[in-house]
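So that you can see what the record holds, here are the features copied from TrEMBL:
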type     : residues               : note
ACT_SITE : Glu276                 : active site
BINDING  : His275, His279, His285 : Zn(2+) binding site
DOMAIN   : 119-334                : domain 'Peptidase M12B'
Amino acid sequence: LNLLVKYWEKKFGFVDENRQLYHPVDVKNLRSKLYRNSAKGAALLIDEDGPLTIEGVVNRKLRIAPLESERMDEDGRIAHQIVEEINEEKSYLNDIVLHEKSNRTLENVKSRAKHDHCIVIEFLSVIDSNVTKLFKTDEDLAKLMAETSIGVQNIIDTLDMGIKVRLLGIQTFTNETDPSYIEDSAIPKYERYLDHRRLMMNMGTYYCEHATGLAKSADIIMLITGRPLAAKLKSGINANVGGVASPSDVCKQCHKVGAARFYQEFDARVNVIAHETAHLIGVPHDGEGAKSIYLFESPGALNCPYKSGYFMGNKNLYKYKFSECSKACAKYLL
């Protein structure tokens, strides 16, 4: 692990219910403990303040963490355990949603990337009450989101564009403060589920009206929800939806939104967020044309069959890599 992670925003913080920024986490200290290995898919927090502890994913299948008892041996070392993670990931069904009346003309996103400089995509992570309550402290949540950001970065690296993923902040909610767009997106008769299409419309409207602070400066606003997503059918629902995004809408204030179901398992959680991020930067599913992402001059991905095994396809042999078509589409928009 020879790559020290430096992609967190230095002024990173949490956003409260009044959209005010506060800083419960020592970002400089946390960043100094984060390590990754893109080739292996590793994302680790190595803490040498006191007895050495290692927490995170060794590769995409194995997780390491100190034993809960934190027993030390006679030399002052804490025992760790390595466990295999179970893949919870849902497949993607209709996870691209076009906002009504949206202007599909291509904006010059390239202005964000000066010549000889990398492209930086800045995220605001919005955490609903169902996920927030799973964490005892802000620091615990920050650690998980740091690990998640590293995992997303590892996948985005395979676009071969030097894109950097930067987490600007985390906005958490409680049962009392959950934004209206969540409950407004519940499916009648299936209220536990959020209508993935309606959710994108409602999120877009909400952040168009609340374009302040990090919600304004972020390139992408990504909701992490503990509620399952679903597609509403004529009869019943299809719950086989892991995430959803507004295609090709990175940097567009009223449309730069995506949502991902929260998974405890690292691989599933990272894959969903990276997948929806790809849609936001103009990448379709393999085997689909430019029309699917509403950028009609884009090269599209018709020349890369869905079954070729890449990340935006059926995720087989090259399940953690983008196809050449994905790369071409991202380059077109960015």
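A Cβ is built for glycine as well, from the same backbone N, Cα and C atoms used for every other residue.
Curation plays no part in TrEMBL annotations; they are all automatic predictions.
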Taking every residue in the domain 'Peptidase M12B' (119-334), what is their average pLDDT?
95
Can you count the other CB atoms that lie within 10 A of the CB of His285 (Zn(2+) binding site)?
23
His279 (Zn(2+) binding site) in three-state DSSP notation:
helix
Please report the number of other Cβ atoms within 10 Å of the Cβ of His279 (Zn(2+) binding site).
26
Measure from the Cβ of His275 (Zn(2+) binding site) and count the other Cβ atoms within 10 Å, all protein chains considered.
25
